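Participant: Quick paste of what TrEMBL says about this protein:
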ACT_SITE  His187  active site, proton acceptor
BINDING   Asp42, Asn105, Val129, Gly130, Asn131  NAD(+) binding site
BINDING   Arg92, Arg98, Asn131, Arg162  substrate binding site
DOMAIN    5-152  domain 'Lactate/malate dehydrogenase N-terminal'
DOMAIN    156-329  domain 'Lactate/malate dehydrogenase C-terminal'
Amino acid sequence: MSEPVKVLVTGAAGQIAYSLLYSIAKGDVFGEKQPISLVLLDIEPMMAVLDGVVMELQDCALPLLADVIPTADESAAFKDIDVALLVGAQPRRQGMERKDLLKANVKIFKSQGAALDAHAKKTVKVVVVGNPANTNALVIAQFAPSIPKENFSCLTRLDQNRAQAQVASRLGISNENVQRTIIWGNHSSTQFPDLAHAVVHVNGKLMPAQEAIKDDDWVKNDFIKTVQTRGGAVIQARKLSSAMSAAKAICDHVRDWWFGTGERWVSMGIISKGDYGIKEGLMYSFPVQISTDRVVKVVPGLTISNFAREKMDATQAELIEEKDCAFSFLEA
């Protein structure tokens, strides 16, 4: 057996983590032969709940789970980790302005960035899930300057999976027969789910998704709106936010980063280097391919229509506004 991969999950007593931890510990993410050391970070008032989570993980008797370390201490949590899954964040409460949410999360991710910088391996891969995910990821990267910027990402795979599922449902095909759906921009209601480059397998034939759908109005309106607002629809139905689907998307994101994507395209939030006219330094979701040595590259050369350009710029504008707001609190 190889040395355990040390994986930190924050917000570990929460409902997303509850759906996530079992999949990681049983080998769904890092492979069926890779031992795992799980570090579970949450705030002090959640420690009793976290003890229950630890008991359940122990009671699963999973052969790959080398150990489980529950803690409320950031220094201990970030020590020598290989992967950081930052699920925990300040949730938006009733009556809370977006700027208040940004201010609360800047404090959290500034502190975690300092701990990451001081204690984690320099090769650590960081995935920010807690919202506003794109901007939280920028903040933590700012405060962990010794970690390469390429090692930071935020989760938009859930949006990609939602988009893929909508197309599959519309065409009456399985999800695996839908490829190259793209999420551009922010993990918010301004994100742009794009089918212009998507392809589908229908009746044994590979064809452009839009050609198979034959409904441009649906593609440009209902489809986009459904994906953009799906999180809210889940909350309205469950009275709780997405957990099972979010955990599945985190697993997808990390597995592809760890092992590579081959010829597939996946969407993930990464720090822009100026591709497709997106401002450098923004944490923006792009279609990417990942090599077996874990290098992430934006899919090049895609034709961007005027419709797409408008949508991509709108979500960029929101991200610039969020970044400026968040970083103003850092300067205060």
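Including glycine, each Cβ sits where the backbone N, Cα and C put it.
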Participant: Counting across all protein chains shown, how many other Cβ atoms sit within 10 Å of the Cβ of Asn105 (NAD(+) binding site)?
Facilitator: 25
Participant: So among Arg98, Arg162, His187, all listed as recorded positions, which is physically nearest to Val129 (NAD(+) binding site)? Use the C-alpha atoms.
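Facilitator: Closest by Cα: His187.
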Participant: What count of other C-beta atoms do you get within 10 angstroms of the C-beta of Arg98 (substrate binding site), across all chains shown?
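Facilitator: Total other Cβ atoms inside 10 Å, all chains included: 13.
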Participant: Between the two most separated Cα atoms in Arg92, Arg98, Asn131, Arg162, the residues recorded as binding substrate, what distance in Å do you get?
Facilitator: 24
Participant: 10 Å Cβ neighbour count around His187 (active site, proton acceptor)?
Facilitator: 28
Participant: Could you state the CA-to-CA distance between Asp42 (NAD(+) binding site) and Arg92 (substrate binding site) to the nearest Å?
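Facilitator: Between the Cα atoms of Asp42 (NAD(+) binding site) and Arg92 (substrate binding site), the distance comes to 18 Å.
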Participant: Out of Arg92, Arg98, Arg162, give those binding-site residues positioned within 10 angstroms of Asn131 (NAD(+) binding site), comparing C-alpha atoms, in sequence order.
Facilitator: Arg92
Participant: So if I measure Cβ to Cβ from Arg162 (substrate binding site) and keep only same-chain residues at least 6 apart in sequence, which ones fall under 8 Å?
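Facilitator: Within the chain, Arg162 (substrate binding site) has Cβ neighbours under 8 Å at Pro193, Thr226, Val227, Arg230, Ser245.
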Participant: Measure between the Cα atoms of every pair in Asp42, Asn105, Val129, Gly130, Asn131, the residues the record assigns to NAD(+), and report the largest value in Å, rounded to a whole number.
Facilitator: 16
Participant: Round to a whole number and give the Cα-to-Cα distance in Å for the pair Asn105 (NAD(+) binding site) and the residue listed as 'active site, proton acceptor'.
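Facilitator: Cα-Cα, rounded: 15 Å.
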Participant: Can you give the mean pLDDT for the domain 'Lactate/malate dehydrogenase C-terminal' (156-329), rounded to a whole number?
Facilitator: 97
